[in-house]
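Student: The following feature annotations were taken from TrEMBL:
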| type | residues | note |
| --- | --- | --- |
| BINDING | B:C92, B:C97, B:C133, B:C137 | [2Fe-2S] cluster binding site |
Amino acid sequence: MKLTSFGTANRTPRQEETHPLTWRLRDDGETVWLDEYRQKNGYAAAQKALTEMAQADIVQQVKDSGLKGRGGAGFPAGVKWGLMPNDESMNIRYLLCNADEMEPNTWKDRLLMEQLPHLLIEGMIISARALKAYRGYIFLRGEYVDAARILNRAVEEAKAAGLLGKNILGSGFDFELFVHTGAGRYICGEETALINSLEGRRANPRAKPPFPAAVGVWGKPTCVNNVETLSNVPAIVANGVDWYKALAREGSEDMGTKLMGFSGKVKNPGVWELPFGITAQELFEDYAGGMQDGFRLKCWQPGGAGTGFLLPEHLSAQMFAGGIGKVGTRMGTGLALAVDERINMVSLLRNMEEFFARESCGWCTPCRDGLPWSVKLLQALEKGQGQPGDIETLEQLCHGLGPGKTFCAHAPGAVEPLGSAIKYFRSEFEAGIAGTAPAGQPETATVSV
Amino acid sequence: MSQTNLIQTDRFTLSETGRSAIEHELHHYEDPRAASIEALKIVQKEHGWVPDGAIYAIAEVLGIPASDVEGVATFYSQIFRVPVGRHIIRVCDSMTCYIGGHESVLAAIQQKLGIASGQTTTDGRFTLLPVCCLGNCNNAPTLMIDDDTFGNVSPEGVAQLLEGYP
């Protein structure tokens, strides 16, 4: 079966020394199965970690590498790993892979899972050893049917080869791995909601503390890491901390490489493995090829629906947490979106907030009631039926649903793009107040693609 | 179950294959409850949707309250508690697909089938639903019909696309 393409991901030059995540990709975009993965030095890192390294040394190496979570929040993976209890009597521990990739405009984990399933499995084996986990689950969103088929086959291959199960590679270490598929709902990507969902409950986030490292799935110490995060672990173990740190560009505080992308009306939408610290301009021009003929860049989002909009002048920012932070938002997943001049920001935000409102789990009041309220206001503004004070109400919602005021990061993610859109394109919102010029329908409704 | 029960608990029997598939799932987890979502998916695969009686049947196999199974069934967007069409159309409504023109594709589907999002055609052929980003962003707008993903869908191409799903 032919897999869906990822732009030029499979045709961009890639080397083992500089592209730890993607150098093994095939040019034809098909899956790299076990034999080919092993020919390409696969599972050598697992061999090293399980037979030559002490458990604590693996943790230390990942800590020292500066590896940060790649799911969007960017929490240091080594620190998260370090939160797992030292108490040896707590010997039932779990490693969960967050493969619930649903962030709008994010399609990097799917690339890794469909084309390099064994890189993820190897990363999980090494990480499980480091975390003393005896069992792992890959929590995969239900709609990724190709990834489910591929991961299940890869797990069977690994089991048959003695890479999963008892006494892996003769090391005495046991680890079993299951693929768990979800049944929809964006909120499952929140790590404590993911744990509830895995347990067969409604995917409401849990109160923190206690953090999953202390009380996770089935009440046991649990570590949840993103697909791309875990896929970084083998190369760190194989090549060492100094090599890993040298991958990023000068000026970047984040280490290693990142799957980055650009989509929207750009010439070559795609995903590429790039060093942290490249400028957004390079990503936009050199990789995505700039805007398609006849389209002009109006603004862009650096990494998913939960990140703020930035102006073309901000393309000079470096792609790493601090670099994007300096211009006022978050790097998120690192897969950027170009918004072109045809797009009315009120209409775009109406589309986005409809999504966020629909996907609110309903657990806490600000999110459950505030997001539909923002949709109502945006729908009115889009039709030119807004009332004086509506924009101020939206701004109040941005404040009232902001960080620290809700149970989880869903609502803060929802208002981040809204606040930035009002900040940079206020006149488009003002035009939606009744009695002024109508905001106009988005031209996307009539443009054929 | 009582004949006067408002919920039709007595009209559903798990198939042998369904029951054994659910029991097989139990081995993957530390606690039977964890198999509830998979159990609902197994029933749905056989039946197309999850009738009331199935909630009780699953609860019995897992040894958890039926109210808990119902709580899960009504939370997840890909579990259907009402009958749906033979084919499910899932239209990605991410902002990437919005920019790619998904609203005109959605309008073309709605016009062709005479239904709104969330509805099923009267002949029981299609149900139309929105879905979170399908991760096919270089091919926006994108949609799924059953397990098949399509990219660069145009309003003009909708009719032909639907032809493939009788």
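Just so it is clear, glycine is given a Cβ too, placed from its N, Cα and C backbone atoms.
Those TrEMBL annotations? Automatic predictions, nothing curated.
Context for these features, please: burial, neighbours, distances.
Tutor: For B:C133 ([2Fe-2S] cluster binding site), applying a Cβ distance below 8 Å and a minimum sequence separation of six or more within one chain yields B:C92, B:S94, B:T96, B:C97.
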Student: Within 10 Å of the Cβ of B:C97 ([2Fe-2S] cluster binding site), how many other Cβ atoms are there?
Tutor: 32
Student: Taking the Cβ of B:C137 ([2Fe-2S] cluster binding site) as reference, which residues of that chain separated by at least 6 in sequence fall under 8 Å from it?
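Tutor: Listed in sequence order: B:S94, B:T96, B:C97.
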Student: Return the count of C-beta atoms lying within 10 angstroms of the C-beta of B:C92 ([2Fe-2S] cluster binding site), excluding that atom itself.
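Tutor: There are 29 such Cβ atoms around B:C92 ([2Fe-2S] cluster binding site).
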Student: Helix, strand or coil by DSSP: which one applies to B:C92 ([2Fe-2S] cluster binding site)?
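Tutor: The residue in question, B:C92 ([2Fe-2S] cluster binding site), is strand (DSSP, three-state).
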